[in-house]
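Worksheet: one structure, shown below.
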Amino acid sequence: MPFNESMEDFESEVSVIDVYDIASEIGKEFEKIIDCYGSEAVTGLMPKVITALEHLEVLATKNERENSNVQDLEAKILKLESDKLEKAEDRLRYERELELIEDHWKKETQDLESVVNTLQDENRKLKNALAAKQDLPAQQMAPEVDIAALQRLRGMVDQLRDKLRKADREISSKSSEIDDLSNQVKRMTNMKKDMSRKQRLMQFQVRGLVDERADFLAQIQDLSHANVGLREQLGEAVQENALLFNACKDNCTEVVQEEDPNRPRFTTAELKEILHERNNLKARVSDLEDELESFRPKQAPESLTESEIKEDPDPCTSLPNTLLVVGWPLTTPINSTHDPTALGRGFNSARTSSVRT
């Protein structure tokens, strides 16, 4: 029974299943109202609706039970009425047969009386006619006439007896048919009771299935609400991730540009090895400077010529070229003053950029 029909369209009998369908439709409407206006809009209405539905369920159950009782009583009444009609028909048929038999008996009796009267008249006439004649032939004729009349009467009695026996056999056959029909009615009544019991069991099973369906719908609704909450949290997390990514991108572009093809790409192990090599090279440079000082003359002129500077290049100035030949990129060029702190800053910036990458 759909919920959106008018009350005039409802059937006069409402079953428990119809009540559960109505409750399901009302629950869906409540969910729509809660989604639109919140749970506060139906807080006061929901207990009243639930109470009304519970009363309606009780009334539907009582109505079904009373309907089953009424159907049983109607079946019994129909059976009794059919039995009464059959008995009345049998009584009428028996009465008609008895009337016919009585009429037949009356007719036969009248015929017999007329025959007897006729015979008596004939006998009287014969007696009067033979009174004057000789008594011997007349005395032999009268018994013959009486014997013929008695035989005819005996045959009529036998016919009536046969008819009565036939009527008794028909009555016994009809009685057996009535007994068979009564047994069939009893079997049908028992089958109807079994079907009613099975129907009640099916109604209880359907009620349990409807309850399970309502529980499943409630769980699905809770999961949908939880899914909506998770989607909202996911959207917030995506926004925060985008903000953090933009902030990290801005911080990274301050050190090394993302689109620079010459930006250093080193691993931690490579940076450790580079730092170790740097320290060794610094130690080597200081050793070379000491060795160069030992090879220089003790009385050196105050100003060197340009050719002497070209002949004796400073090992510190040749260090960047050596590093570039080896394949180590430098982010900070070493100037002509070969400041060792500048070299350290270059390696440190390279290490920082590689680690961030």
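Positions of Cβ are set from backbone N, Cα and C atoms, glycine also.
Annotated coiled coil per TrEMBL: 56-198, in sequence order.
Look at the domain 'RH1' (2-90): DSSP puts its residues at 75 helix, 0 strand, 14 coil. If you look up TrEMBL, you'll see 2-90 marked as domain 'RH1'.
Per TrEMBL, domain 'RH2' is recorded for 263-354.
If you look up TrEMBL, you'll see 291-316 (among others) marked as region 'Disordered'.
Annotation comment: TrEMBL describes 336-357 (among others) as region 'Disordered'.
Summarising model confidence by region, the domain 'RH1' (2-90) averages a pLDDT of 83.
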